[in-house]
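What TrEMBL records for 31-83 is region 'Disordered'. TrEMBL lists 47-66 with the feature compositional bias 'Low complexity'. Here TrEMBL flags THR138, ASP212, GLU237, LYS267, ASP271 as substrate binding site. Annotation comment: TrEMBL describes 272-433 as domain 'S-adenosyl-L-homocysteine hydrolase NAD binding'. Summarising the annotation, TrEMBL assigns NAD(+) binding site to GLY303, GLU304, VAL305, GLY306, LYS307, GLY308, GLU324, ASN427.
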Amino acid sequence: MNVGEMPSAAFTAVPTLKSVKKIQFANAEDKQEFTKYPTKAGRRSLSRSISQSSTDSYSSAASYTDSSDDETSPRDKAQVNTHGSSDFCVKNIKQAEFGRREIEIAEQDMSALISLRKRAQGEKPLAGAKIVGCTHITAQTAVLIETLVALGAQCRWTACNIYSTQNEVAAALAETGVPVFAWKGESEDDFWWCIDRCVNTEGWQANMILDDGGDLTHWVYKKYPSVFKKVRGIVEESVTGVHRLYQLSKAGKLCVPAMNVNDSVTKQKFDNLYCCRESILDGLKRTTDIMFGGKQVVVCGYGEVGKGCCTALKALGAIVCITEIDPICALQACMDGFRVVKLSEVIRQMDVVITCTGNKNVVTREQLDRMKNGCIVCNMGHSNTEIDVASLRSPELTWERVRSQVDHIIWPDGKRVVLLAEGRLLNLSCSTVPTFVLSITATTQALALIELFNAPEGRYKQDVYLLPKKMDEYVASLHLPNFDAHLTELSDEQAKYMGLNKNGPFKPNYYR
């Protein structure tokens, strides 16, 4: 199938026992540093010293390789890949071989994206595209990045989350020649430095942006306005990032067309729902070893992410209630058998508090103060603003790091609250996510980039666009062979009766 045959319509604006490894401390000082919450000055080095724990990546021996240089920031290292290039900054380029194994494993369950790569690479539909990307850097996103390269694009990449990077995968990408600037356990300063290194490089200027959260877009818009104005398109996949794009558009400051991938059906109904349904349990089990049966859990938000989390928790016997601002989502929760409550009404009884709204201050300091001893608090939304973590960095509270991505926040009376990933995205910070469902999102992103880059002048204005259902359906169809699924075809009479094209789309553009 040629790229020209792909749907291209104008977009509508709108752990087992054997695998457990005991952490060894070389001396008492190391142990003290591990258990003591760092001061502002020491926070950066601590985040690096624990970044090679067993939760870095459970499926690769790279996480257990020599980490004697953990105390050295990647920014202070001189590293060169086998091709002589130093245009990257990763934890350890020597981990590239392990990362390549991770990517090859991911490719086996991302057959649709590989199929797209094979079908379109002859025409190189992204030849001339210079894509700067800011996403989670995992084996699955590496398959996407290498697909974009195979389709003709030049890519520079950084991480949208300081805890989700698989160091060995970043090394594998850097070894192949993709400039990657990311490592697990970055500081906030490192995070913005990496973004700037991706954007600000001599002799190369981005003309496409692939973002997850809006930080890259915001940085280019603020720091490099001349570059931003020349960008041909932005593809954004998160609630937070899309919200920021709509704000720019409303203010008349969005001077390039943008694609809202987050609200595509293939993202909402698959990545957000099915991915979170499985990964919420994985993240909580790996970090806390919790048994869910009989636990009181409150899930803040009953969108697709919330629905996935609640389904999984309920299936394991947890007693789940919901908080919601939207009466439609609240009614859905009621019809699904969940109590809809205000967080302040139930906070004292909860064993687990999970946020998945994309908003800010969903869990406040006052509510954290009222939680019972041992309450687990985590976030499944993209942004780290949902839990008021900043208010917990106060003199009267003690932070105790008990394992990677797990902190006990200790109140003066001895009460402990268990905070996971410092309020950042739980599943990608503390575990992994299902490869297959990420293939769906990655294929959608690739097609959106192809469409925006190749669109004739005038098709897209300076606005935010949604994927047409024809493209959503095409992405879905690429994944059906994995299940040996066979679609029923409409007869001519049936198609005429329904007023549909026999080949789709089968849903209107406003369908979600």
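Cβ coordinates come from backbone N, Cα and C, glycine included.
Residues near GLY308 (NAD(+) binding site) in space but far in sequence (CB under 8 A, at least 6 apart, same chain), listed by position: ASN272, LEU273, TYR274, CYS275, CYS276, ARG277, GLU278, ILE280.
Separation of the C-alpha atoms of GLY303 (NAD(+) binding site) and ASP212 (substrate binding site): 18 Å, rounded to the nearest whole number. Taking all protein chains in view, 26 other C-beta atoms sit within 10 angstroms of the C-beta of ASP271 (substrate binding site). Spatially close to GLU237 (substrate binding site) yet at least six residues away along the chain are THR135, ASP211, ASP212, VAL261, ASN262, LYS267, THR441, GLN445, judged by Cβ distances under 8 angstroms. Just so you know, of the binding-site residues THR138, ASN427, the Cβ with the fewest other Cβ atoms around it within 10 Å is the one at THR138. Rounded to a whole number, the C-alpha distance linking GLY306 (NAD(+) binding site) with ASP271 (substrate binding site) is 12 angstrom.
Rounded to a whole number, the distance between the Cα atoms of VAL305 (NAD(+) binding site) and ASP271 (substrate binding site) is 9 Å. Sparsest Cβ environment among the binding-site residues GLY303, GLY306 (other Cβ atoms counted within 10 Å): GLY303.
Nearest Cα neighbour of THR138 (substrate binding site) among the listed binding-site residues (GLU304, VAL305, LYS307): VAL305.
Cβ neighbour count for GLU324 (NAD(+) binding site) (all protein chains, 10 Å cutoff from its Cβ): 23. Cβ-based neighbour count (10 Å, all protein chains) for GLU304 (NAD(+) binding site) stands at 23.
The Cβ neighbour count for ASP212 (substrate binding site), using a 10 Å radius over every protein chain in view, is 25.
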